[in-house]
Amino acid sequence: QFFVFCHGFLQLSQLLVSGYLKSSISTIERRYGLSSQTSGLLASFNEVGNTLLIVFVSYFGSRVHRPRFIGCGAILVSLAGFLMSLPHFITGPYEYDQSVASMFSNTTDLCQPGVPGSQGNLSDAGCTPHAARENHEVLLVMFVAQALLGIGGVPIQPFGISYIDDFASERNSPLYLGILFSVTVIGPGVGFMLGSAMLRFYVDVDKVTGDEVQLTNKDPRWVGAWWLGFLVAASLVALSAVPYFFFPREMPKEVGEVLQIALVGLHTNTSWVYFPLVLLRNLRHPVFLLVVLAQVNISAMVAGLATFMGKFLERQFSLTASLANMIIGAVNIPGAMVGIVVGGAILKWFQMSLRQCSAMCILGLFLCLLMAFPLLFLGCPTQKVAGVTYSESSEFEPTLECNLWCHCPEKAYNPICGSDAIEYISPCSAGCRVVNIDADTNSVLNYTNCGCISENGLPGSAKPGTCGTGCSHLFLPFVVLSCLAGILASTSHTPSFMLILRSIQPEDKSFAVGIQFMLLRVLAWMPGPVLYGSAIDTTCILWEKKCNRKAACRYYDNNLFRQR
């Protein structure tokens, strides 16, 4: 029972690392200027290390000191977690364009007529060869960390499950494995909650004092302390690795019937000679093949959604990253958990046949589609952004002319919301000449004397920050429907497993589940986030430019983003 407790704790901490990455992905994109395709690849890169090794590990399962192997894997995972936070410590402080001169720069992005190129240094400051190299280093470190995370995770689940199954009594084994399974579902949820807590802190909380930060967490330039959660999660993994070095290689079996079942694709001791034969036999099995293909499709969707759902909520409903993670961790993931439990309970209650199992899967997914269909329409278009999604009509002089004499740096990004409810990329692009500052908090109150904003024929004013999409009234229906769709879809989880386990020859069972997970990894969990990220990138209408390369996306076409 102590082993089950330790293993539950370890699996939770391990999932905390990977779940936390998904919760902070939109923040990491903004901090290091990544496209969603790159961040999707980063999020799924741990599967690469994992897939390469999983076959060997399952094969050598019963010949090694399993607890010690699990402990070593856990140490690798914790190392990967610490590596993930390393970029924060090797790069300088986060820089953003500001209207008020600060200790970082004396440049400003206000409109200063008659001084051509006075803000030249604002746009090109970050483009030294050193800065470009720094960016490559950051990506390299993160990809290596993700690969290590995958490799370290390989022995944890298979060895843990087979160890428990070998030495637990026949009667208790399903209970223990049930406990572990529920932990694997809770884990990512806790990861998102951790993300929600950490992203409320400013990224350079350790490098600058509070009064020097001119951003609130509602500002589109805000970057939360993404690295802090990795330190927390990695420390927990390191802590949970310790007891594994003290477990024996074998335990006396709990009292009960001695019947050893190889559980869930774990230690197959068939020799390699039969490998191709068994593989072909299973792949030719129509039920196995169809169910696995169905699972591949739904898993690819879940992998993509888990990675970018937070970013979607942030953009569509103008939420902070912290709140978006809170919703996913507290509503969507627990919803999926409820669905899995309900599906299993129905199976057990009605003692379903295989045909009824497949009918139940179809029903659950069909109802899920009905719930998810309205989500296509629950959202708003992107707010009006001058020169990006919106250009002035002839009634007032065109946007270009009213700030032409301002000599704006082209890359400035410090969105403001004009009194005409149009968003401008920077105070300069709105032709604002004056900034008013709250002396106590050192934060911007408003901008005045803006040439491009007309208020009754006079230059208007603007508030700092984005205008938002004005979509908050649709947020609640969206969350409710997406949660219901998730519950309905996950009721098919257990029956689809049963279809596989019961339709295959008993001696192939563990091997078949091994193949199933292999196919899920290669066809769903790896490509899913990358495909989603690429689709999201196609809906971007304004890219941040860093050293003449595309960095992070500033504005998306929200309607396209939602539909794709």
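Backbone N, Cα and C atoms are what each Cβ position is placed from, and that goes for glycine too.
Note that TrEMBL annotation is computational and uncurated.
Given the structure is predicted, the values throughout are model-derived calculations rather than measurements.
Your range for transmembrane segment, going by TrEMBL and the list 258-280, 465-487, is 258-280. Outside the transmembrane segment (224-246) by six or more residues, the chain places 2, 6, 9-10, 13-14, 16-17, 20-21, 23-24, 27-28, 31, 67-68, 70-71, 74-75, 77-82, 84-85, 87-89, 191, 194-195, 197-203, 205, 217, 321-322 with a CB less than 8 A from a CB of the stretch. Between the transmembrane segment (326-347) and the stretches 67-86, 176-203, 359-379, it is 176-203 that has the most C-beta pairs under 8 angstroms. Per-residue pLDDT, averaged along the domain 'Kazal-like' (396-451), amounts to 79 for this model.
Distant neighbours of the transmembrane segment (67-86): 3, 7, 10, 14, 17, 21, 141-142, 144-146, 148-149, 151-156, 159-160, 163, 227-228, 230-231, 233-235, 237-238, 240-242, 244-245, 247-249; these residues of the same chain sit at least 6 beyond its ends, with a Cβ under 8 Å from one of its Cβ atoms. Through the fold, the transmembrane segment (359-379) approaches residues 294, 298, 316-317, 339, 343, 346-347, 352, 469, 471, 474, 477-478, 481-482, 484-486, 488-492, 495-496, 499, 558-559, 562-563 of its own chain, all at least 6 residues removed from its boundaries and within a Cβ separation under 8 Å. Remote same-chain residues near the transmembrane segment (176-203) are listed as 4, 7-8, 11-12, 14-24, 27, 31, 88, 94, 157, 160-161, 164-165, 168, 210, 213, 215, 217, 222-229, 232-233, 263-264, 306, 310, 320-323, 325-326, 328-330, 333-334, 336-337, 340 (criterion: CB distance under 8 Å, separation of at least six residues from the stretch ends).
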